[in-house]
């Protein structure tokens, strides 16, 4: 039901107008109770509102039905459908050029996703197959719901590490984690909770990302050395690595170090250019060479996996055991079934191999990962969108709905939580992706790998996969931001460094909370200590002295006592009228209102004037809530006239 509001002015109500000078306390406004007619536009039937302006319970209940109908109409409006199903916007305009660009980008990203998926599963403490299981279904879902062309869904290094800490390497927990985090992401998107990212500042994000990169790097050192080590935090990992260093395997270490060097060199190929700087001046041969170098540099992970897999197979069939290999991966696609909501107990006669868990026990084991993973997933996705947005608006709610739905579907094919990765997004963008349809070819490539190539993945050395991860995450350490942050605002380094150290020493969720907590303390401190300008002024003509005190921000509970003490101190010191310039005070709370009341009484007790200039009506309403008797002025000449009065 829609209502029309009719503007009423003082002349219509025959209310005598006040002069624009002083307004005192509750006498500022004259309240008149009116009975007015409101109209239902659909039925054109007027109904009468109670004299106190409130509707009866019956009237309120009558509005529930029309409200629900209106909401239903809004959901199925064309604008809403186009917003929640972005494919409806770009698919009708899809062209042959778009198809070619998406095909090239999709295949290129697929060549990156497959080796990364095998490697990231190891970070999550799961068999390599689960990385592939989580790399195709989300791609298909994102085509329909994704709002950005450069977001390739799949496992990421950060999500994998968080999955390890939440699931402890148990695949049933990891898959259930994917399902539950997906539901939470969908709910967050529906209710527009993307604003929660505002509480993670840039320095905290940099500290968190850098710490995660070092933790992931540390988790792969054991595979480079060919040893067994464990631990969830940075300190635990290195303690375990140092204990097992005597067990280092020479050939695994040599292969791992060589692979890291080769990957870093091949990374440079992607940016290597032959010929003139201007593309228009390059010959066809030069363009072809540059494109080939770029493709080799971009597909370096896939090339390395193929070469090292061949080496591993040759060594394996020779009867030698120089390298630790991935081992068998189940061929074919995973079955489409609901995620596990319990873990069965596995026994070997009288010995319990695996403890059984109920659904509630599994959820309690996942703990804070259910909240941290959705936030970090949104953080990573938004980083991709912002990096390649080209000035376009980004809908965080739609991204949450897209990655949430993708994770829910992933869990039905035994995939663990995933989202877009910035490295794959950069490859997608550089490959010329035109629409989210590129994800189709990436998903198909992963399916083909599962159907036909899993027997060959057996021979890939673990040290080669560890090298792929190390060569990727080493660039996630945000060293380059320290210098500009130091130049810009040195104190911003503190929450960043605190988050970095806390994430290394504590579980990641506690580490990021430490960074956010320190950030909040900084914000509260600045709120508690507003900058206040104090000027000794004189009135025009009479030259009466007075103090003009100007706070630079809102009056809320952390700052009120500080402001009161400062105003009282300056008032006692000068013994002149005090004017508080409220031009920059756009908000206040109950605590501020009580302190202002005490401040006014302090000045009245010593018969000293305290006046308020240019106070916003919304703030005045807060102050009047406790019957404050304050003098407010909006005209400067009237203000000076009152100051001159004895």
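Heads up, the Cβ atoms here are built off N, Cα and C, so glycines get one too.
Because TrEMBL annotations are produced automatically, they should be read as predictions rather than curated entries.
For the transmembrane segment (103-122), the list of distant contacts is 128-132, 134-135, 152, 154-157, 160, 220, 223, 295, 298-299, 301-302, 304-305, 326, 421, 423-424, 427-428, 431-434, 437-442, 444-446, 449, 457, 460, 462, 465-466, 468-469, 472: same-chain residues at least six beyond its ends, Cβ to Cβ under 8 Å. Among the features that TrEMBL reports, transmembrane segment is placed at 103-122 (among others).
Among the features that TrEMBL reports, transmembrane segment is placed at 128-145 (among others).
Positions annotated as transmembrane segment by TrEMBL: 174-193 (among others).
Note on the transmembrane segment (248-266): residues 223-227, 296-297, 300-301, 303-304, 308, 311, 322-324, 461-464, 466-468, 470-471 of its chain, located 6 or more positions outside it, place their CB under 8 angstroms from a CB of the stretch. Look at TrEMBL and you will find 248-266 (among others) tagged as transmembrane segment.
Feature annotation from TrEMBL assigns transmembrane segment to 440-458 (among others).
Summarising the annotation, TrEMBL assigns transmembrane segment to 464-482 (among others).
Here TrEMBL flags 494-525 (among others) as transmembrane segment. Beyond the transmembrane segment (494-525), the same-chain residues lying 6 or more positions past its ends with a Cβ under 8 Å from any Cβ of the stretch are 161-162, 165, 199-201, 203-204, 206-208, 210-212, 214-215, 232-235, 368-369, 371-372, 485, 558.
Positions annotated as domain 'STAS' by TrEMBL: 555-624.
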DSSP-wise, what's the residue breakdown of the domain 'STAS' (555-624) into helix, strand and coil? 39 helix, 10 strand, 21 coil
Please compute the mean pLDDT of the model over the domain 'STAS' (555-624). 90
